[in-house]
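Below you'll find the structure, written out as structure tokens, and then a few comments.
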Amino acid sequence: MQVLTNTKFETVAFQWPAGFYSDGIHIGLRRHKKDFGWLFSKVPASAAGTYTTNQFQAAPTKLTKQMIDQGHQLQGLLLNSAIANSCTGEQGWQNALQEQAWLANKLNVAPNLIGVASTGLIGAQLPMDKIKNGLPQLTPTKSDAVTYAVLTTDQHPKTVCVQCELSGQLVTLTGFAKGSGMIHPKMATMLGFVTTDAQIDGPVLQDMLSTNVDQTFNQITVDGDTSTNDMVVTLANGLADNPSLQAGTTDYDIFNQALHYVLGQLAKQIAADGEGATKLVECNVVHAATTFDGQQIAKAIVGSNLVKAAIFGEDPNWGRIISTIGATDADIDVATVDIEMNGVLLVQQSLAVDFDMAAVQATLRDNQIMIDVDLHHGTASGQAWGCDLTYNYVKINASYHT
């Protein structure tokens, strides 16, 4: 067994956990790039998911949620980009069911162990002939090709892999995600997948995933729009042979920290790859009255178009930040707010302080920007991630036609 460091977990090169296989290919949904893939475990896996709150929830999202809610297990997922299969009516629903049946037949498992995930253009029907013809081309590999098959306007895949020891057994967690635009999640974000060979019951995994998604994926924003297809799914097949994880144990805490890290890293990678983005923006709020207040303020700041535009312009415009704070319904003291940008104090007790404008502007040329807010009004905190707003965001979305 690999000897781990003294940390609870460590990052490692991309690899699938024991028993997981995948593939990603091109079947003509996109012009040239990979657009179709699968991910499966050789044994049924405990499954958990979080899903978009958009009322026009897409057929694949509804279907996968139904399967996980019914049995807390999945064994395979069929994935595609380019076409979202959203707002497609009864035909879209039947197409999702057909995809499920085809993959179940290919894997020789019950249909209720199969989920479906789609992303892309809303309103178009899937070309089922291409899906059917593409299925035989999918092979069980250990490559990362599937991480490319779900991309749309993304510049690159988002992946992370960590390992930890649970009761002496080496456990791997591997996650990948897609997302660049239409990112302002509520309960989930774009498409995200985490696989692990840890042993954990589905309901326990669901509680853990939901809590961690709220603190990570739900705290990023690129453009304030919540997709119809947002979904985060976690699969745990138990092949690491650790004792089943239970709340209140050391193993549970270690795994929970590892899962939080994986989700957090994927969330930050998505924010950094926002459409047209040149800078990742992180906001930390401390001494808030409640965690909700801290999270609300942090997300409002990174989501403010005025703040995002100022960061693109490399302008430490703290007035836009404090105005955004005041526009929330958070419980604050308007006389006690401190604001720092990249470690430089701009505002103390809600009043301007002298600072070296040129020095601050120089730090804003970096591709990672940190905004720190101290409310001096409690003991809670919040964190959120976003990106700058650039000319290219408008260009990309103006040229994305139906």
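The backbone N, Cα and C atoms fix where each Cβ goes, glycine too.
Look at Swiss-Prot and you will find THR189 tagged as active site, nucleophile. The feature substrate binding site is assigned by Swiss-Prot to THR152, LYS178, THR189, GLU275, ASN397, THR402, with sequence analysis given as support.
Mapped onto this structure are the features recorded in Swiss-Prot.
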{"residue": "THR152", "record": "substrate binding site", "CB count, 10 Å": "22"}
{"residue": "LYS178", "record": "substrate binding site", "CB count, 10 Å": "26"}
{"residue": "GLU275", "record": "substrate binding site", "CB count, 10 Å": "25"}
{"residue": "ASN397", "record": "substrate binding site", "CB count, 10 Å": "15"}
Under a three-state reading of DSSP, tell me whether ASN397 (substrate binding site) is helix, strand or coil. helix
